[in-house]
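K.L.:
Among the features that Swiss-Prot reports, signal peptide is placed at 1-27. The active site, nucleophile feature in Swiss-Prot is assigned to CYS192; the stated evidence is experimental evidence. Annotation comment: Swiss-Prot describes CYS192 as cysteine methyl disulfide, evidence class similarity to another entry. Here Swiss-Prot flags SER282, GLY339 as protein binding site. The active site, proton acceptor annotation in Swiss-Prot covers HIS340. Feature annotation from Swiss-Prot assigns region 'C-terminal active site loop' to 368-390; the stated evidence is similarity to another entry.
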Amino acid sequence: MNKKKLGVRLLSLLALGGFVLANPVFADQNFARNEKEAKDSAITFIQKSAAIKAGARSAEDIKLDKVNLGGELSGSNMYVYNISTGGFVIVSGDKRSPEILGYSTSGSFDANGKENIASFMESYVEQIKENKKLDTTYAGTAEIKQPVVKSLLDSKGIHYNQGNPYNLLTPVIEKVKPGEQSFVGQHAATGCVATATAQIMKYHNYPNKGLKDYTYTLSSNNPYFNHPKNLFAAISTRQYNWNNILPTYSGRESNVQKMAISELMADVGISVDMDYGPSSGSAGSSRVQRALKENFGYNQSVHQINRGDFSKQDWEAQIDKELSQNQPVYYQGVGKVGGHAFVIDGADGRNFYHVNWGWGGVSDGFFRLDALNPSALGTGGGAGGFNGYQSAVVGIKP
């Protein structure tokens, strides 16, 4: 056999043996976590988690229901399992990413129609894809210094949503967006930015009186309203009765109590230039910090911080500091399917943060702030462009 043929045969054998790792297919096969492995990971996590009701049960007794998220949110990127006794576990589909991405000790996971949750999950996918460029499994953090802080909003039973009665004073939709069903005659959603902010305000039960009015004009690109559409909130005249602004609503409350929360939501939404519609949005963090101080009289310590300005360790230290001072954090990111705002109000001491999504408690639980492998962050552990342009508003106190 001549040298040329021998070389060809050797290359073929190496390829068949899976040693040509430049081929991403072979690399993914080496690190992929299949469905059985993912389910086993979820069961093991449940058994080791004393906080989850099923924790003391045998593997055979733990019943899991796989959640089909569809598209890139499933399969090779992540698996989500609801626990029959309450709670859920999110497992990454690749061993170059953290094994467990999120969990809850109660309720169930549901991202349908909830854009802030879907967007956050999408950011996980983008980070998992980045990790797939690596040739090393996820090693985790050598030393975890995160404090344990029980959910601050849960401690007061605060679980707001975006529909009735929270949106009874938001603008009424006037037009049909081409290609969509009609929402004409319905009140716009409060928006995740306003809902997150209002939940933090309810936690502090502040202010008793508004400080400064606010007005703005809806963007002419908004397809749900006739233009120009000017919105005004007489915040300076408001007397916020926190006894009537309840921690949560079931629909059986008095009209006074319903109007109290809807007035707060409308004031907050207008103060952050809400882009109203069936799914309302806002630029978020920069406007939230301004509104809290200028319109609602919060402490001048309120300010925005950006993920890209910190290492991973320093960023999480900023969040930990707020939680240790019993101050819920307004948190925001931007992903492929839009922005997402929510409240971080707790920590479990294992690098998971408690998230209140603002959907009446649905899908609330403990989540990692990112799914990145430290090896993907490089020197200094900065954001690396894969943290969804995350920002937070901290120092929120009366």
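Each Cβ is built from the backbone N, Cα and C atoms, and glycine gets one as well.
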K.L.:
Between the residue listed as 'active site, proton acceptor' and the residue listed as 'active site, nucleophile', what C-alpha distance do you get in Å?
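P.N.:
The separation of the Cα atoms works out to 7 Å.
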K.L.:
Return only the integer: C-alpha distance in Å from SER282 (protein binding site) to CYS192 (active site, nucleophile).
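P.N.:
Counting only the Cα atoms, the answer is 8 Å.
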K.L.:
Provide the three-state secondary structure of the residue listed as 'active site, nucleophile' computed with DSSP.
P.N.:
helix
K.L.:
On average, what pLDDT score does this prediction assign to the region 'C-terminal active site loop' (368-390)?
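P.N.:
Average per-residue pLDDT within the region 'C-terminal active site loop' (368-390): 59.
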K.L.:
Helix, strand or coil at HIS340 (active site, proton acceptor), per DSSP?
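P.N.:
SS state of HIS340 (active site, proton acceptor) = strand.
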K.L.:
Tell me the Cβ neighbour count for SER282 (protein binding site), meaning other Cβ atoms within 10 Å of its Cβ, over all protein chains shown.
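P.N.:
Total other Cβ atoms inside 10 Å, all chains included: 25.
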K.L.:
Going by DSSP, is SER282 (protein binding site) part of a helix, a strand, or coil?
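P.N.:
For SER282 (protein binding site) - judged by DSSP and reduced to three states - the answer is coil.
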